[in-house]
Amino acid sequence: MKLGVNIDHVATLRNARGASYPDPLKAAKIAINAGADFLTVHLREDRRHIRDEDVFNLKQNISTELNLEIAATEEMLKIAKEVKPYSICIVPEKREELTTEGGLNIVNMHSKLSGIIEEMHSFDIKVSLFIDPNINQLKYLEKLERKPDIIEIHTGDYCDNPSEEKLKLITNSAEYINNLGIECHAGHGINYKHAKEIKKIPHISALNIGHSLISEAIFHGLHSVTKKMKMTISK
């Protein structure tokens with residue numbers, strides 16, 4: 001199973017003092033050296049953590065794949081075409097939220113998403129969609145004229161209050177996505193304990209993990225916690 005490390009909150013710490021440190025690029029290189037398979041950053045419309053220059057700097061200077069999380073806006077899609085990351089992950093976004101609160105509403109967006117996927121593919125950029133583990137939403141993937149390359153299952157509800165029922169929803173969703181011939185990832189709120197359970201689910205090929213790793217890194221160092229998480233999901 002692959003590990004994507006989200007380094008947004010390195011930038012959060014930097015921006016808290018309006019400083020030039022800690023440097024997200026330095027964090028990215030440490031995570032890669034410790035075993036991260038790819039890097040993820042979320043360029044939000046309010047630039048609360050990652051900034052435009054961070055994204056360009058990462059793309060130019062890291063040795064692994066860059067996954068850029070963005071809202072489906074003209075501004076963000078334009079930036080994606082300029083940066084040309086390995087992949088983009090389309091996420092819903094509200095200015096007032098502390099973090100992404102849920103998955104995309106495919107029911108209301110399927111026609112728009114088809115156009116985005118086609119456009120990004122013309123720039124050789126893979127497209128991921130961030131979706132709740134809800135079969136009723138996932139069914140609308142079949143209505144898309146152009147299929148995404150990846151679906152990332154939103155694991156926040158499970159991680160906030162784990163239960164077998166919620167884990168089953170993720171399992172069923174991963175199976176459904178796999179049957180559509182789409183690669184399945186998972187992310188949001190995952191720590192070591194959650195990772196041990198989610199890694200058992202068939203068809204999930206990668207986890208995106210950020211806040212818990214950056215939090216643990218305060219006490220144990222980013223190299224150490226990234227290496228530990230990679231070992232956790234690889235066993």
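Just so you know, glycine gets a Cβ as well, placed from its N, Cα and C.
Among the features that Swiss-Prot reports, active site, proton acceptor is placed at His42 (among others), with the record citing sequence analysis. Cβ-based neighbour count (10 Å, all protein chains) for His42 (active site, proton acceptor) stands at 23.
Close to Glu69 (active site, proton acceptor) in the fold, though at least 6 residues off in sequence, lie Thr40, Val41, His42, Leu43, Ile88, Cys89, Val91, Phe130, each with a CB less than 8 Å from its CB. The feature active site, proton acceptor is assigned by Swiss-Prot to Glu69 (among others).
If you draw a 10 Å sphere around the CB of His188 (active site, proton donor), it holds 27 other CB atoms from the protein chains shown. Sequence annotations record features per position, and here Swiss-Prot assigns active site, proton donor to His188.
Among the features that Swiss-Prot reports, 3-amino-2-oxopropyl phosphate binding site is placed at Asn6, Arg17, Gly189, Gly210, His211. Within 10 Å of the C-beta of Gly189 (3-amino-2-oxopropyl phosphate binding site) we count 17 further C-beta atoms, all protein chains included.
The 1-deoxy-D-xylulose 5-phosphate binding site annotation in Swiss-Prot covers Asp8, His9, Arg44, His49, Thr99. Summarising the environment of His9 (1-deoxy-D-xylulose 5-phosphate binding site), the number of other Cβ atoms within 10 Å of its Cβ, over all protein chains shown, is 21.
Marked as site 'Transition state stabilizer' by Swiss-Prot: Glu152. Residue density at Glu152 (site 'Transition state stabilizer'): 30 other Cβ atoms are found within 10 A of its Cβ, drawing on all protein chains shown.
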Cα distance, His188 (active site, proton donor) to Asn6 (3-amino-2-oxopropyl phosphate binding site), nearest Å? 10
Long-range same-chain neighbours of Gly210 (3-amino-2-oxopropyl phosphate binding site), Cβ under 8 Å, sequence gap at least 6? Val5, Asn6, Ile7, Asp8, His9, Thr40
Per residue, counting other C-beta atoms within 10 angstroms of the C-beta, which of the binding-site residues Arg17, His49, His211 reaches the highest number? His49
Look at the binding-site residues Asn6, Asp8, Arg44 and tell me which residue has the greatest number of other C-beta atoms within 10 angstroms of its C-beta. Asn6
Quick check: in three-state DSSP terms, what is His188 (active site, proton donor)? coil
